[in-house]
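Lifted from Swiss-Prot, the feature list:
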| type | residues | note |
| --- | --- | --- |
| TRANSMEM | 11-31 | transmembrane segment |
| TRANSMEM | 36-54 | transmembrane segment |
| BINDING | HIS138, HIS142, GLU207 | Zn(2+) binding site |
| ACT_SITE | GLU139 | active site |
| TRANSMEM | 153-173 | transmembrane segment |
| TRANSMEM | 182-202 | transmembrane segment |
Amino acid sequence: MHKHHNGLKTAALFGVLWAVLLALGALIGAGTRSSAPIWIMALVGVGTTFYGYWNSDKIAIRSMQAFEVSEAQAPQLYQIVRELSARANQPMPRIYVSPTMNPNAFATGRNPQNAAVCCTEGILQLLDARELRGVLGHELMHVYNRDILTSSVAAAVAGVITSVGQMLLFFGGGDRRNANPLAMIAMALLAPFAASLIQMAISRTREYDADEDGSQLTGDPLALASALAKIERGVTMVPLPPDQRLVNASHLMIANPFRGGAMNKLFATHPPMRDRIARLERMAGRPLQ
């Protein structure tokens with residue numbers, strides 16, 4: 001039920017995102033003689049996003065300074081990932097470890113054949129084997145559900161809207177006989193803001209799905225709930241610096257790796273941790289002890 005609802009919500013959010021783009025395009029068509037520079041920038045935005053999608057594993061791993069580990073170096077990680085991959089009838093991903101003490105994990109790659117799973121030193125020290133299994137189930141489901149593609153398409157559309165909005169502010173001075181200048185300025189400013197909010201909402205919806213699907217894969221929702229509770233406390237103690245490379249990769253992680261704040265919550269790529277834990281408790285039919 002939750003998964004069906006989240007799928008409809010994701011589709012609806014994509015619909016709103018495209019509606020914002022079409023409204024912006026219609027306004028440009030009514031108010032400018034030529035929109036060529038705008039659409040050139042839009043294509044650049046799409047191309048950049050496609051590059052990011054195709055190389056998502058390399059970009060995220062590089063941003064976290066992660067290194068690939070062998071089974072001899074990380075036997076527990078290999079054992080858990082091999083078991084869950086076999087259970088899902090999917091190929092074994094590459095396994096990486098990041099030296100940061102921020103307790104986090106992520107999976108990336110454009111498909112299961114090109115997937116990579118990364119755990120930080122912080123999360124490996126913080127969680128027990130059962131909790132780590134819950135986290136890895138969540139991360140693997142992001143790959144199996146093609147969430148990298150979903151987030152890339154959302155980023156592409158949001159990027160187009162932002163590029164068009166910026167170009168409209170600078171180059172929107174053509175023939176305005178059929179346009180309302182105030183409406184054009186308002187749309188140029190508000191459309192990127194709205195697109196970012198929608199993009200973040202899509203990301204939060206996919207997190208809920210990965211929680212649910214990952215718990216079904218492991219058969220242990222409370223293991224993930226316990227892990228999330230520990231991770232929330234650990235991230236507060238050891239937040240990552242808001243470096244732009246880390247910000248760009250943060251939507252892949254199981255928890256927001258930065259220190260919280262009012263604006264961070266508004267643009268959060270992850271749902272509130274208490275809501276995620278409550279959903280997992282309902283799946284298990286009992287509260288987390």
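Yeah, the Cβs are placed from backbone N, Cα and C, and that goes for glycine too.
Here the features listed in Swiss-Prot are placed on the structure.
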{"residue": "HIS138", "record": "Zn(2+) binding site", "Cβ contacts under 8 Å, 6 or more apart": "ALA210, ASP211, GLY214, SER215, LEU224, ILE254"}
{"residue": "GLU139", "record": "active site", "Cβ contacts under 8 Å, 6 or more apart": "ALA105, PHE106, ALA107, VAL117, ALA210, GLY214, ILE254"}
{"residue": "HIS142", "record": "Zn(2+) binding site", "Cβ contacts under 8 Å, 6 or more apart": "PHE106, ALA107, ILE148, ARG206, ALA210, LEU252"}
{"residue": "GLU207", "record": "Zn(2+) binding site", "Cβ contacts under 8 Å, 6 or more apart": "THR269, HIS270, PRO271, ARG276"}
Apart from HIS138, HIS142, GLU207, which residues in this chain have a Cβ no more than 8 Å from the mean position of the Cβ atoms of those residues at the Zn(2+) site? ALA107, GLU139, MET141, ASP147, ARG206, ASP209, ALA210, ASP211, GLY214, ILE254
